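> Feature list, courtesy of TrEMBL:
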TRANSMEM  46-70  transmembrane segment
DOMAIN    100-209  domain 'Ig-like'
DOMAIN    226-314  domain 'Ig-like'
Amino acid sequence: MKLEQRTTAPLSIDLSFKTENSDARPVSDENFGLPCLHTIFTLPCFAFYTTMSFWSSIIFMVLIAAPLTLSRHIEHNGSKRNARRHEDIKEDDESSWLFPKAHLRLHSRPPKVLHVKEGGSEILECQAGGSPLPHIYWLKNGVQLSKIEIEDELDLKTDEDGERKRLNMGSTSSRLYLDCLTIGDDAEYTCIAENANLRESTTTQVKVSSSDDRGCQSKKQFGQAPRIVSWTKTALENQGQDVQVFCRVEGHPKPTIKWLDPQEEEIDPEKGPKFDILLNGDLVIRNLKWKDMGNYICVAENTHGSARAEIFVYPAAPET
């Protein structure tokens, strides 16, 4: 681990995430550009920070003597970044909570055109981040193939003044599996990312050419190992709130889902009120604390195999 900087004064770091460039780079004396989300972290007290591999490309892990304050920064114009980088910060008293403005962005897109021979198989993958946390579904020639319903099971906690305290910020990944393609599968496939406020989409033209190979048969006829088709990639939530992360799977027979904590120990909701596993497989972490930060692992299993996905949970903190 390489030590990048040491400071005893508060430091504001602009994390501008772009999948086009996986290398962290300085954009000003105090700003660093990274892939995925757009946020501002205010680091109080004595701080160390470093860069290392994370998410789809890079994690920027901050090690500090006190928890972070998280805010949203949505300026995309580099020439105006410094002038407006604190525009979205709520400036109340010292104990106020900072919230992101509603936003949505596709971080990862499948190719615009994909050429496949008849009988071949492909995977289209899409990733989106925003606030509120987005969900993703797919269309074929404008007709919906499937939609992952994300039901928010959490009660909103407020302070004495009735102010909301949830960030509900993060990123979602989704995969569309195209098996044993035929000429009839030659079509436009659209990834749509939505949250309560916004929608983004991207389209892939899948071109299927004829082939003499007729040996392909759907795996579902003989059973299918689990596939994780949609999952929370990252989740950022204020400490003291509950956070819900999801992991949706397919397979035959229907896979079972279990969750591992950051120490890779299986989570047992019967041991206490800290965790719930919902009927749809979602994991709920109650009363989020700084010590809860880390990678939670969704494991899907059936008689034909298993699949797993990692979800990074970050507990944000109020100003002190």
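Just so it is clear, glycine is given a Cβ too, placed from its N, Cα and C backbone atoms.
Nobody curates TrEMBL annotations by hand; they come from automatic prediction.
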> DSSP helix, strand and coil counts for the domain 'Ig-like' (100-209)?
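When I sort the residues of the domain 'Ig-like' (100-209) into the three classes, I find 3 helix, 63 strand, 44 coil.
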> Please count the residues of the domain 'Ig-like' (226-314) that DSSP assigns to helix (H, G, I), strand (E, B) and coil.
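Counting residues by DSSP class gives 6 helix, 53 strand, 30 coil.
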> Looking only at the domain 'Ig-like' (100-209), report the model's average pLDDT.
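Averaging the confidence scores along the domain 'Ig-like' (100-209) gives 87.
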